[in-house]
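Structure first, then comments.
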Amino acid sequence: MGNCFSDMEGGKQAVGAAQLRHTASGTSNNNNGGHNDAVDFFYKSRGMHPLFTQIELSLSASNLVDRDYTSKSDPMAVVYAKKKDGKLEELGRTEVILNSLHPAWIEKVTIAFQFEIVQPLVFHVYDVDTKYHNIPVKTLKLKEQDFLGEATCVLSEIVTKQSRSLTLNLHNKNGKTGLRNFGALTIHAEETVASRSAVEMTFRCAHLDNKDVFSKSDPFLKIYRIVESGDYVPICKTEVVNNNLNPTWKPLCMSMHQFGSKDNPLIIECFDFNSNGNHVLIGKIQKSVADLEKLHKGRSGANLTIASSHVGHEKVLKGQLFVDQFCQKEQYSFLDYISSGFELNFMVAVDFTSSNGNPRNPESLHYIDPSGRLNSYQRAIMEVGEVIQFYDSDKRFPAWGFGGRTFDGTISHCFNLNGSASSSEVEGVEGIMAAYSSALHNVALAGPTLFGQVINTAAQITGDSLSYNSNKYFVLLIITDGVLTDLQETKDALVRASDLPLSILIVGVGGADFRQMEVLDADGGQRLESSTGRVATHDIVQFVPMQEVHSGQISVVQALLEELPGQFLTYMRSRDIKPRSPHVAQTSASLLIH
């Protein structure tokens, strides 16, 4: 997904700087809202995983149990990630603080924050015996230390707090405190961001050499950072300008996390685009960001070079690179917005068309198994809802069905799943599950498969929220088994909705041919176009066929949600919406409480 080099039109799109999904420092750029395929490819081709947002956890405790007789306990904390199989993976340990029941540890524990999965954490606090005080904490055998208490939470619970701090009561390993007070543990999360500074530049070239025979070159720029090993790490590329030897490209934004420092050397290569992928090098130049700023201030150009026939020599070309615009700005991360009070509001729409099969039949996609085994619809609701619920303060979710014959005998393409005539909202993920199960007894499956009304209803709610609250971003999950009957109407609805703070996740269940859905997911680089010729502002759709996902290693949640932080940031940055100040966020929170 997101492979913008997979086809001709996609290959001509820009790949924005700093677009490591919501990765690295979380500073994904807003050129096209996707992740940086060039960087992903660089890491994956070397067997390396793409970067994620690094979080540092700081720990402190209060009122710990005193295990020592002649002095106070000497506490140390250990942080674990809890895996799906229930096993604990140690992430790190603090130092030992001597003689304290209220420790504030200096040693931090680092964890990679991944928005698209739930990350359960377990914290253990130990009293380290005096005889081990000169031994490195990493080598301590925990079984030989006195256990002081345990606490558990999910990483999302910490980072969504406006203070990014969460206080938990410590308890025994069996989860009980009993009559005894084991004290409390406070965890504070901070992104390991060296700098939020970014630079936006508009590049132009003049008098480029023509590499085509029957027309002019189709130039684009590709920018690399030189690392200590001498490798070129690709940062970004511009879009292709067709048939032009004096091109001006759309602005590119690079975060300091990507270019390192203003004095770090960058390689800028100019290519003539070829649809077969064999792009022809027109020329290149080596400049730092500081050098590029000087070019802008001096309104001067720098000549491109190309390797000459003499080994070790370069030929200076007539073609020049100019920097028409240069400005420094702050690039806020996804977590900057979330911790300042921005929310993700979850909405669900479920397919009730007859192609799902009679719900009483075990072969039906809607069959509710008495053993408790979840069907595909239930799995999608649970897995996506469990992630997003932490980012929604009231946890009241609109839930609809479409393609079903309701109690009054009419076929509806957007009915309230809970059966209410006035409100579509249910309480929590459990409320969605209960409303879905109940609807299967009260709604007859019908058809055809139409998305238009559901998308328009979600867009209406989203649009209405803008008049009174600008800190909400909406996420609509559509679960379907069939091929769309209203493809063009759906495109029209999506293009209209692309101006709103809304992302749409589509899960395909069953064995239908879902190639049609790929059209809605603009990962190929071709944006949706309405029947009137209007083009979507940006990509707001992510489609995943559940059958394909569950046959591999990636979960449906990861596949669905991987682009969401980028889409969120694209919307916020395109409208210059900044995270709220702590004072504003706290005032809003108190208003919600009262």
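Note: Cβ is positioned from N, Cα and C throughout, glycine not excepted.
Going by TrEMBL, these are the annotated features:
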- 33-168: domain 'C2' (DOMAIN)
- 181-306: domain 'C2' (DOMAIN)
- 345-564: domain 'VWFA' (DOMAIN)
Tally of DSSP helical, extended and coil residues in the domain 'C2' (181-306):
14 helix, 59 strand, 53 coil
Tally of residues which DSSP labels helix, strand or coil - the domain 'C2' (33-168):
23 helix, 51 strand, 62 coil
Considering every residue in the domain 'C2' (181-306), what is the mean pLDDT value?
89
